[in-house]
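Among the features that Swiss-Prot reports, NAD(+) binding site is placed at 11-35. What Swiss-Prot records for SER145 is substrate binding site. Annotated active site, proton acceptor per Swiss-Prot: TYR158, in sequence order, evidence recorded as sequence analysis.
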Amino acid sequence: MYTDLKDKVVVITGGSTGLGRAMAVRFGQEEAKVVINYYNNEEEALDAKKEVEEAGGQAIIVQGDVTKEEDVVNLVQTAIKEFGTLDVMINNAGVENPVPSHELSLDNWNKVIDTNLTGAFLGSREAIKYFVENDIKGNVINMSSVHEMIPWPLFVHYAASKGGMKLMTETLALEYAPKGIRVNNIGPGAMNTPINAEKFADPVQRADVESMIPMGYIGKPEEVAAVAAFLASSQASYVTGITLFADGGMTKYPSFQAGRG
């Protein structure tokens, strides 16, 4: 646990399910004030809010579409109005869907880029604007992926969004480091989240994915949440501009694990 996270105001986009929910609950355990953004499932968001409160934190929910500038502005302003400030912005909302690249429509491409990359930029921009204007040494955490460095056939739009996020985060980190504002990525590997539930329920598909992970198991959302808590804390005060992978070693060329090559 990180005592300095108590009463910190943390905004999480896509915070009602999956990795976002796990992070919301972890910050609840840290006794933070959590702003849970959700897209359209209010019941799910209210359940997440209750879980955060039961964990020891405070929470509000804010509906919004991260691809819409006005919604992201409203999200940040609502957090500030409700809790008086902003300390940590976590841009977690994301989408993915497999399509052969030669069949990928422009609408599909735009949906993924707009959600994963533009949404993260808008969240980063609004948070940093507030930090700069109020001389706050704030913290931005962007949810990237192992696919910011590993090519992913059938997911060219997703891989492009995460590759773009890598350099966006590094650029923002460099630009605002003199003001004490830290910007980092988390790069999850394969995770036991609702979006993967059907796939991992199939023993064959699960074993295939596990074979690509040197540590041999699919990650738990709580393991990503632990990384987020670390990056948000003063224990990471000298850390900026990195991607911290929580991937069980997936990015470390697992095919070479047995000495092959």
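From the backbone N, Cα and C atoms, a Cβ is placed for every residue, glycine too.
Annotated pair GLY15 (NAD(+) binding site) and TYR158 (active site, proton acceptor), C-alpha to C-alpha distance, rounded: 20 Å. Within the same chain, the residues at least 6 positions away from GLU31 (NAD(+) binding site) whose Cβ sits under 8 Å from its Cβ are LEU5, LYS6, ASP7, GLY56, GLY57, listed in sequence order. Cα of MET23 (NAD(+) binding site) to Cα of SER145 (substrate binding site): a distance of 16 Å.
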